[in-house]
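Copied over from Swiss-Prot, here are the features:
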SIGNAL    1-22  signal peptide
REGION    28-114  region 'Disordered'
MOD_RES   39  4-hydroxyproline
MOD_RES   45  4-hydroxyproline
CARBOHYD  48  O-linked glycosylation site
MOD_RES   48  5-hydroxylysine
MOD_RES   54  4-hydroxyproline
CARBOHYD  67  O-linked glycosylation site
MOD_RES   67  5-hydroxylysine
MOD_RES   79  4-hydroxyproline
MOD_RES   85  4-hydroxyproline
CARBOHYD  100  O-linked glycosylation site
MOD_RES   100  5-hydroxylysine
CARBOHYD  146  N-linked glycosylation site
BINDING   199  Ca(2+) binding site
């Protein structure tokens with residue numbers, strides 16, 4: 001046991017002595033810096049860095065490139081507003097003649113318009129130069145106005161008018177008409193009476209009238225004296241011959 005302890009002490013002393021000797025042997029003064037070495041070889045590429053912030057817009061614009069290929073068609077758009085009507089196209093060629101129609105039903109004369117009137121002078125009022133026939137004898141469908149002396153057309157067509165007026169003096173009368181408020185050509189009839197006897201001045205005509213046209217009798221202011229009494233009557237008449245197609 002004592003031998004082992006002695007051996008351990010000897011080893012410790014030996015190691016202490018060696019460390020002390022080595023420290024004294026390796027210590028030397030500091031040397032000067034050596035010359036720079038040659039550049040080393042490039043290292044391996046590093047890892048990819050993080051994405052940087054967007055840069056500012058460039059000042060210059062690049063040259064315009066070539067036209068690209070057409071893109072794919074997009075979805076159909078919404079219908080637009082209806083446009084204005086276009087101008088009428090040219091008249092086309094006449095079509096072939098159609099087939100003959102079916103024969104219609106027979107007409108009923110009772111359903112046809114039949115305007116007609118007759119009026120005489122009895123106690124007429126004075127209305128300028130218009131000759132008033134105030135007493136109505138016939139006024140089918142009421143075309144004649146006895147307070148104005150005018151016939152007003154309600155059924156377009158061809159009409160016959162006539163008058164017979166009694167006088168003991170020179171007399172000049174006119175059959176006058178208007179259309180759309182505008183006067184038309186008038187027809188004049190005159191009679192000279194030198195003996196102061198009853199004479200009849202008569203006249204008549206056929207007129208084509210439109211709705212609203214008017215017909216009446218006028219007198220010449222200088223030769224318009226008409227007999228008025230119970231011995232003879234003056235009359236004004238008119239009726240539709242046939243309506244316009």
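Cβ coordinates are placed from backbone N, Cα and C, and glycine is handled just like the others.
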Cβ neighbours of residue 146 (N-linked glycosylation site) where a neighbour is any other Cβ within 10 Å: 16
Tally of residues which DSSP labels helix, strand or coil - the region 'Disordered' (28-114): 3 helix, 0 strand, 84 coil
Distance, residue 146 (N-linked glycosylation site) to residue 54 (4-hydroxyproline) (CA atoms, angstrom): 102
CB contacts for residue 39 (4-hydroxyproline) [other CB atoms within 10 A, all chains]: 6
Structural state of residue 199 (Ca(2+) binding site), classified by DSSP into three states: strand
